[in-house]
Amino acid sequence: MKIELAKSYGFCFGVKRAIKIAENSKNASTIGELIHNSLEIDRLKNNFNVKTLKDISELKNEKKAIIRTHGITKEGLANLKSRDVEIIDATCPFVTKPQQIVEKMSSEGYEIVFFGDINHPEVKGVMSYSSKNVYVILDESELETVKLPSKIAVVSQTTKKIEKFTKIVSYLMQRVKEVRVFNTICNATLENQEAVRELSSRADVMVIIGGKNSSNTKQLYLISKNLCPDSYLIESENELELKWFQNKKLCGISAGASTPEWVIQNVINKLENLTHKDS
C-alpha cells in the first residue's frame, strides 16, 4: 500500500507562532487551551511548564498569562488588564482580523451574520466586539425566521468551509438591501481543504490527524469522508487499526492546523509498520 501526504497539511502560521510564544514563556499559564491538540498541550506543560487554565477566574498567583490562538472576549481582555499579570498575546492575526471587522462594522450600524460554531472560543471572542445584534449560524436556513435588517456584515469563523460560506452570502444577497461580505476564512484553511479534497478523490482510505475538538480538523474529515467513505479521524498513532488498510492501494494522510509534525510522523511510522507486517 502506498502512503501519500496531502500537498498542504498540518501546522498553520498562527499555531506555529503561538507554539513559539509559549516555548519562550516558561512557567506561564494559558487562558483556555492554547491550541486544540492535547498532545502538544502536554508537551508544552512537560517541557516548558506552560499550564492551561479553564478561564480567567482560575488565575491566582501566576505572573504570566497567555491569550490562546482563538483569542479572548473584549470583556475578558479588560479583566486581564485589571490584574497584576503580564499579558502575552498569542491570538492568531487571522482571528484578530474578524474581531476588528465586527467592531468597526457594528459601530457603523451593521448587524452581523457570523458563520461559525457558537460555542467555539474564537466565535465567542469575535462576537464580543459587536455593539449590534450578532446572528451566529451554521446554515442559511437558520435565518428563515429572522427579520433581517437592511444592513448586514457577514464574517466567518476562520476554519469553516468556503462552499458553505458562499451559500450563506448568496442567501443574504437575495434578501437584504446592503450586504458587506468579509471572507475571514484563513488561507491555510482553504489550502488544507483543497489539498484534502484532491487527495481523498483518489485514495481508497484516508487518515485525518488532529484533535477531536479542533474545528479545522473536523472540516478536513468531513470533506474527506464525502469523497472517500473509508476516512478516519485520529489524534495519535495508537488509534490506528490494521483492518482499515487491508486490500487498500492508496492511503492518503492529512492533518489539522494544530497537529504537530512529530505526531504526524508517529502516525506514518506506525502505519508503515502495520502494513509492512501485514504484507
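Sequential numbering from 1, following the chain as shown.
Including glycine, each Cβ sits where the backbone N, Cα and C put it.
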Identity of the [4Fe-4S] cluster-site residue among C12, C251 (reference: C92, C186, source: Swiss-Prot): C12
Among H36, H70, H120, the one of these binding-site residues whose Cβ has the fewest neighbouring Cβ atoms within 10 Å: H120
Residues flanking the (2E)-4-hydroxy-3-methylbut-2-enyl diphosphate site, with Cβ no more than 8 Å from the Cβ centroid of H36, H70, H120, T158, S214, S215, N216, S258 and excluding those residues themselves: I35, T69, E122, T159, T217, G256, A257
Among T158, S214, S258, which are binding-site residues, the residue with the most C-beta atoms within 10 angstroms of its C-beta: S258
Nearest-integer angstrom distance between the alpha carbons (Cα) of S214 (isopentenyl diphosphate binding site) and C186 ([4Fe-4S] cluster binding site): 15
C12, C92, E122, T158, C186 screened against S258 (isopentenyl diphosphate binding site), Cα within 10 Å - retained recorded positions: C12
